[in-house]
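Here's the structure we're looking at; comments come further down.
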Amino acid sequence: MTLEAFAPSQPLTLGVELELAIVNTHDYDLSPSSADLLRLMGKRKIPGDVKPEMTDSMIELSTGICTGYDDALSQLTEIRDALVDCARKLNVGLCGGGTHPFQDWSERRIFNTPRFHMLSELYGYLSKQFTIFGQHVHVGCPGPDEALVLLHGLSRFIPHFIALSASSPYVQGTDTGFHSARLNSVFAFPLSGRAPFVTTWDDFGTFFGKMTRTGVVQSMKDFYWDIRPKPEFGTIEVRVLDTPLTIEKAAALAAYIQCVAAWLSKEQPFPLEEDDYLVYTFNRFQACRFGPEGTFVDPKTGEHRSLREDILFTMGAIEHHAIELKADGALRYLRSELQRHGNDATWARQVHEREHLLAEVVRQQCLRWSGDLVV
Amino acid sequence: MVDQWLQAQSFLGVVVDWSSTRALLGLSLVVIAGALIGEGVFRFLGLPRIVGYSLVGLGVAVSGHGVAATGEIPPVVRMILDLALALLLFELGARVRLRWLRTNPFLLVTSLAESLLTFGTVYLAMRYLGLDTPSAAAVAVLAVPASPAVIARVASEFGAEGQVTERVYMLSALNTLYGVFASKLLLAWLDLDQGQNPVQAIVQPLYVFVGSFLLAGLLGYGVARVARGLDLRNENATLLLLGLITLALALTKTFGWSTLLVPLMAGLWLRNTTERPWVWPRHFGTAGGVLVLMLFVIVGSAWPVEGLAAGGLLALAAMAARAAAKSAAVFMLGWFSGQSLRQGVGVSLALTPLSATALVMYADLQGSHAGFAAQLAPVALSSIAIMELLGALAVLGALRSAGEIAARRP
């Protein structure tokens, strides 16, 4: 199988995909209502799309092509409002969060499509454990080589994206100690990790040819990398974020990625080297485990600093790009969130401190998602 | 041989007294048989355990100890029935979010439609088959509720989740409310008809409604306070809850309020006045589980062995009319409330059981208008007998066909 051609796309445009949890409104455990929700949403007109996911308590929404922060927020708001309305008709709730705090993966059912059944056959219990909820951000690129360069440039900032979006401290009713326990489920898949260090589409094609020749891979969809090229859209897809608890944060995170991408593609502040990836897994683990308080090792200098420091420094560096892209509101929002709760995982822990009932935490997450609770 | 044995007994001073422990023996045998047959039915036939319990009740009826045999439910049995039903109704009420009726108004329309249509259709069917107006009205009123006991028990036993489950809980809670209201109004009307003091006839149901409502509020509030402070998932807390519900039941019987309305409205009160989710073990733990087993045995034993011949055909007609009316309402209005066709079939099927609620309503009728109730006994008890077993199977079938049975059985 040959690699498909890289479609043309408008550089630095965005696309946001969010996976959501569907919960019942009694004990706030996951509810197998995605088929019903999709049926009701079929009658609604929205700027993007809603699709099913691996198990039937998950639903994925995606925006159309967004020019920037305001466009993303407005599209997300429209889709969110339609979804919440349909969910209310079905007496179910919708919430974000990278994991559901107390669901039991063995109770999940695979959504009835051939692809999901095939994946379930292949990956066994990992597919039911894949009842996790992430945000994927697509960034438009002027061409395939630029896409790969951007991919490797953004890899340095993966810990930022993880720490800012982390919203999955609880798994199966227990505090894991992680800010983002979701990514532990992703890393279990054999084809997870990162793209190989190639900077031209031809070289990537060679790699892809080798992988398909060995039969390990059939298409781009089989790679579960943190950042993955999407040739059919002409984008690269950042897949590492947890679904945040509000659409405001989702839009802001997408805008942050856009600004960093702008900085990287216009100013090339860091020359790209394979050795940059030496600290990749360490930094990523620190972000998953400790969030903004994690250690960030600078790939060039080897200096250790806190992730929070590096995020704030980066936000300073991209400020003028943000103003150009009209995303400075997003940066302000993220800065204030960083100062107040740190991230959604910390907020969830605070709620649990107060309420001592995870079902109540999920209920408040649903309220934050629908916009009825603003913290 | 026996004489020699008895002689030996009296010589040794051994006293064997069967009569003093007959009740306890009977009870223990029933519980053992119920548990065994229930488990057998569940494991080998994949049917709800309550089918096993009802079969044991049937056995009890056939052996002549049934509830219908003596014509009136003995007070001890009635107490067990009331307490078990109180637990189930409280749990059901606590699962019904009235706000859903606001976000999905067609659901309320469906509920009113199916109850009114049921009443009308069964009434007309009974009149057509020769019953007089009061009897036809009474049968129609008994036909309105769909047994929350059977629905709640089957759904929770099979870990059912989904739109059919949600809708059936909602519709069942609502039509139980309507049914009980209607039965009190019916009694008032009967009294007026018989020339009783009109003031008394009107005040009586009002007293029952208002009193039940207030006590329900108190009980709901009490449970909320307990739940706020204690973790309901631990045994001690559920003991406290069980105690509160029993106390409320005792007060209900003392003041003559409705043993059906109080727990149901208390559960509704709890769910709908607080946003916080309430989670407790099913039936409040083991004690509740035994009571529920007894409930289904008792209702099963209400099989009217002689009366079946007399009332059986009428009962079949009434139940057929009832099923038709409920299905029609659910189907015609289902699309507007976001229900798929397949779910419509599920909901219609799941609304068919008739069990403890109807029996208690009938028993209440018997308490105040014994003669009238006696006339009604063949039809009423036959209907309950038929629909208890068939209803449980129908609910399971409905949930299965809608794909709402859990992947892993609890």
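Cβ coordinates are placed from backbone N, Cα and C, and glycine is handled just like the others.
Bear in mind that TrEMBL entries carry predicted annotations, made automatically and left uncurated.
Note that this is a predicted model, so its numbers are computed, not measured.
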Ranges in play B:135-156, B:289-310, with TrEMBL marking transmembrane segment at B:135-156
From the ranges B:236-251, B:252-267, grab the one TrEMBL calls transmembrane segment. B:236-251
Out of B:20-38, B:50-70, B:168-190, B:202-224, which stretch touches the transmembrane segment (B:236-251) the most, going by CB pairs under 8 Å? B:202-224
With contact taken as 3 or more Cβ pairs under 8 angstroms (pairs 6 or more apart in sequence), are the transmembrane segment (B:76-94) and the transmembrane segment (B:20-38) in contact? no
